[in-house]
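K.L.:
Grabbed the feature section from TrEMBL, which reads as follows:
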BINDING   Arg54, Gly55, Ala56, Arg95, Gln208, Asn259, Lys260  substrate binding site
SITE      Cys169  site 'Transition state stabilizer'
ACT_SITE  Asp249  active site, proton donor
Amino acid sequence: MKIEGQSFRSIWVKDEDETKVQIIDQRYLPFELVIEELSTLDDFARAIREMHVRGAPLIGATAAYGLCAAIREMDPESNLSEEVEKAVYYLRATRPTAVDLQHATETVWRSACRGSNQAEKLELAKAATEQLVADSILQCQLIGEHGVKLIEAISKQKKGETVNILTHCNAGWLACIDHGTATAPIYAAHDQGIKLHVWVDETRPRNQGANLTAYELAQHGVPHTVIVDNTGGHLMQHGMVDLIVVGTDRTTRSGDVANKIGTYLKALAAKDNGVPFYVAAPSSSIDWQISDGLAEIPIEERTDEEVKYVHGWFNGRIYKVLLTPHDSPAANYGFDVTPARLVSGLITERGVCAASENGLSELFPEMSKVE
Ligand SMILES: CSC[C@H]1O[C@H](OP(=O)(O)O)[C@H](O)[C@@H]1O
């Protein structure tokens, strides 16, 4: 996607030195565009853990590159298989909820295992990472192509009047490598000339909506309005939301969806007001091993600092300010689980399906047999 007219991805290999990977450090957006260089395993793990990069597909891609970095820096005389396994679990420990992290490290690990020495393992890991990045970008493009039909249909129903779409957190190209998941249909519809407007949940406590989704939409010229998280219900009661599209960090084989905290409450309000609630779910974020999201999806709890403080821009620099009494404790659950019964449908790279085992197995028959 573009920033000030220049094409960007959220993560990329430095041309002249492929041992270096560069990222947009999203902690500084929308105020500053800071490019960070990652080269060691610790660099990649820190970037995920501290959310320099975030978003399920991007977390997966970053971990894949991180595993390549780990293999590159290994002592060729060490027990490489053991060292690779340690690096995989070190990366997986950075953030527990997004299953893309597990899938991506699994994919690269399996490829590396086919190598008999460090050089071979590194080449295989790099090839698997390049393929994973290409697949992820294609998944997002296809989600856009399938999801745009939902927006087209509403636009037709409204005889070309503005389609009002609500989204939560950032499931845009900054959460992926390019295009985004929840925003892919929005960009596709906008680029087709469909009149639309996006209600952007600020998404406390880290404000991925206010900081990142609003930034993305503004750069692409998409009309949008930032709202506080608790506004969505009121808008839906007054017919001001035609469609909700959100991302996912982990979707179970039965269609339960773990996504940023607050998503479940939006889905409840959507159900109560008859607003279609769709989840943009690339297959990289589907966990075929589990069915009961509430019981089986690990919910990340992060530092209370993220609740107690907020970052903002003033006089040319970013400030961190305290919002609560100094000693007040704060709870910081990063995600919640929306039961499949509240989900109108899943927008995948293979099409739109019901949020159910049958729906997913129709689109992914080869995966539904996984036990
Ligand atoms: C396309 S996945 C985006 C997904 O990830 C976000 O979480 P975080 O910013 O904490 O990584 C949020 O749940 C988004 O929906």
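Including glycine, each Cβ sits where the backbone N, Cα and C put it.
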K.L.:
Do you know which of the binding-site residues Arg54, Arg95, Lys260 has the most other C-beta atoms within 10 angstroms of its C-beta?
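P.N.:
Comparing the binding-site residues Arg54, Arg95, Lys260, the most crowded Cβ belongs to Lys260.
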K.L.:
So what sits near Cys169 (site 'Transition state stabilizer') in its own chain, CB-to-CB under 8 Å and at least six residues off in sequence?
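P.N.:
Spatial neighbours, sequence-distant, of Cys169 (site 'Transition state stabilizer'): Ala175, Asp201, Thr203, Gln208, Gly209, Thr213, Val246, Gly247, Asn259, Lys260, Gly262, Thr263.
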K.L.:
Look up Ala56 (substrate binding site) in the DSSP assignment and reduce it to helix, strand or coil.
P.N.:
helix
K.L.:
Can you check which residue among the binding-site residues Gln208, Asn259 has the largest number of Cβ atoms within 10 Å of its own?
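P.N.:
The residue with the densest Cβ neighbourhood is Asn259.
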K.L.:
For Gly55 (substrate binding site), list the number of other Cβ atoms lying within 10 Å of its Cβ atom.
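P.N.:
I get 30 for this one.
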K.L.:
If you measure every Cα to Cα pair among Arg54, Gly55, Ala56, Arg95, Gln208, Asn259, Lys260, the residues listed for substrate, what is the largest value in Å?
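P.N.:
With Arg54, Gly55, Ala56, Arg95, Gln208, Asn259, Lys260 as the binding residues for substrate, the largest Cα distance is 17 Å.
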K.L.:
With Cβ-Cβ distance below 8 Å and at least 6 positions apart along the chain, what are the contacts of Ala56 (substrate binding site)? List them in sequence order.
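P.N.:
Those within reach of Ala56 (substrate binding site), by Cβ under 8 Å and sequence separation of 6 or more, are Ala98, Val99, Asp100, Leu101, Ala175, Gly247, Thr248, Asp249, Arg250, Ser284, Ser285.
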K.L.:
To test your reading of the substrate site: which residues beyond Arg54, Gly55, Ala56, Arg95, Gln208, Asn259, Lys260, same chain only, put their Cβ within 8 Å of the Cβ centroid of those residues?
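P.N.:
Not counting the recorded site residues, we get Ile59, Thr97, Ala98, Cys169, Asn170, Ala171, Ala175, Gly247, Asp249, Gly334, Phe335.
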K.L.:
Please report the number of other Cβ atoms within 10 Å of the Cβ of Asp249 (active site, proton donor).
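P.N.:
I get 31 for this one.
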K.L.:
Could you tell me which three-state DSSP class Cys169 (site 'Transition state stabilizer') falls into?
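P.N.:
DSSP call for Cys169 (site 'Transition state stabilizer'): coil, neither helix nor strand.
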K.L.:
Tell me, by DSSP, whether Gln208 (substrate binding site) is helix, strand or coil?
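P.N.:
Assignment for Gln208 (substrate binding site) reads helix.
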